[in-house]
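Below is one structure, written out as structure tokens, with a few remarks after it.
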């Protein structure tokens, strides 16, 4: 390197010793993290994901791709990507118009990294230890609000061309949730490693305190009692992150109709939250509610292919798993009991407050909680009723029936065709569906989004 001259100023490159270089990287990483957090707080999720990508790559260079210290940045990156994917779909699974009007560069996808420092390369390294198949998280193609059976065979050529032009963009939008799942699943693995290490350190520390207490037993019986109970602040933080990570993984699985995966992650999230919060906390109520949703949707789906994909709820051939439905009702009942505990606490709080402004705010909160409670109680009543037989509701014979039943079904179908009103001119046609494509369950996505909409960004 050439000898710097006085005229070159401070911009002249020079070698840093390892300690100074490490400090410089840490400062840059802190700046990127602060910038991304600010963007996320303003709900600029796409921009936040871009900055978190840079931070994740930088931290992988500093610590190595599979270092547990990378877990925090990976969680924040995956959470931002989840928000990006979610914001590009409406509650019924269609693309949000604003997402196409202002396309922005997609956050760097880990699997495409070539320098070995990106998070997705780390995700590949974790493939052996990850407990889930991340391929299951690939989102299904979204559907229009209205769609008629057989309509896919009559797509106008102009619309076909438009769809072909936008196909690449749609695939990128669909990919956000898949990449978010990979990143969050890697964060889960690394957080589990961190938790094991932190708990081992806490156990060693508690053992040392126990020996000290035993030695000083004669000086003061019972002195220091209860000091060793509970988790350390570090362990609590890791459990909070694991609870949130499993919660996001469950939401992605629900979004893509992977209900068994959603149940597994919802249970794990609930377990960590139970260790952190009292039963009457709204966080516990929400966790039980989401578990109930996953169980309910899983109870009316069945395996559709060898890869474990499930058919959408609501088809005429669905068979109800009553055991899962009963579990869903039990989880919802727990959510209701938790919410009642919160309501009781709020009413006690109202009785002890003397500030008029505080009283009014508490009254509004109580009214909101009562509304939520009424909705959940009605949902529980519906869950405990026998599931609706779709064939019976439509006045049709059971699926698969033959002979006279089959002829009657055909007659009903033909009569429906004759009396049907042609609304296809009012409906935006979708492009031809891929073979084996599974329709989404709009109600599942709508309820999950409504439940998640009240979450506060952590």
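The backbone N, Cα and C atoms fix where each Cβ goes, glycine too.
Record note: among 239-259, 260-280, 281-301, 302-322, 302-322 is the stretch given as region 'Disordered' by TrEMBL. TrEMBL assigns the feature region 'Disordered' to residues 199-234, out of the candidate ranges 199-234, 343-378. Among the ranges 23-73, 329-379, the stretch that TrEMBL annotates as coiled coil is 329-379.
Each residue of the domain 'Tetratricopeptide SHNi-TPR' (243-280) gets a DSSP state, and the totals for helix, strand and coil are 31 helix, 0 strand, 7 coil.
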